[in-house]
């Protein structure tokens, strides 16, 4: 599989803006069209840096909403490897331990790679790997309520810790890094991941790129 046979689509935006939902929808619908072995999804947060050398007290202070928290260089290397026809081993990150685990997820080359993450559009080298990009333009207050429910239910967080993180890092980093990166998106999607028209437009773009 050469680079022209691998289409990379990026879905960016605030935490809990609907990125995973639209990525899941596109993945499932493209699987029906192309086959389940031809589509792959990579979550940017798998590439949070390993912090095994730090104490737990130090790890919990990590600003997950700053670009420096992510190993975008490794993500770029993995995307290029997939385009070159080589499999990659994607890291697995633990939010309870605040570091990478010893596990890896093997991903083989695909016709379509869907990236989803909050800071994808902030990195020029990463943008160069993309064939099309989307920014989920969901109101920040809605994102916060979704994030609060998710982190308490799925990530073992307390309501107080989620609220503190939001005011100290999530909102400031959104305004400093994530929202300005919207200018680099090819498609801006309002109303979250259930925007059917935006989903259809993105699918049509993917099909067009595959037909080249």
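Keep in mind that glycine also has a Cβ here, set from the backbone N, Cα and C atoms.
According to Swiss-Prot, the features are:
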BINDING   13, 14, 15, 16, 17, 18, 19, 20  ATP binding site
Sparsest Cβ surroundings (other CB atoms within 10 Å) among the binding-site residues 15, 17: 15
Cβ-centroid neighbours of ATP site 13, 14, 15, 16, 17, 18, 19, 20, 8 Å, sequence order: 118, 136, 138, 143, 146, 192, 193
For residue 15 (ATP binding site): DSSP state (helix, strand, coil): coil
Cβ atoms near residue 18 (ATP binding site) (within 10 Å, other residues, all chains): 25
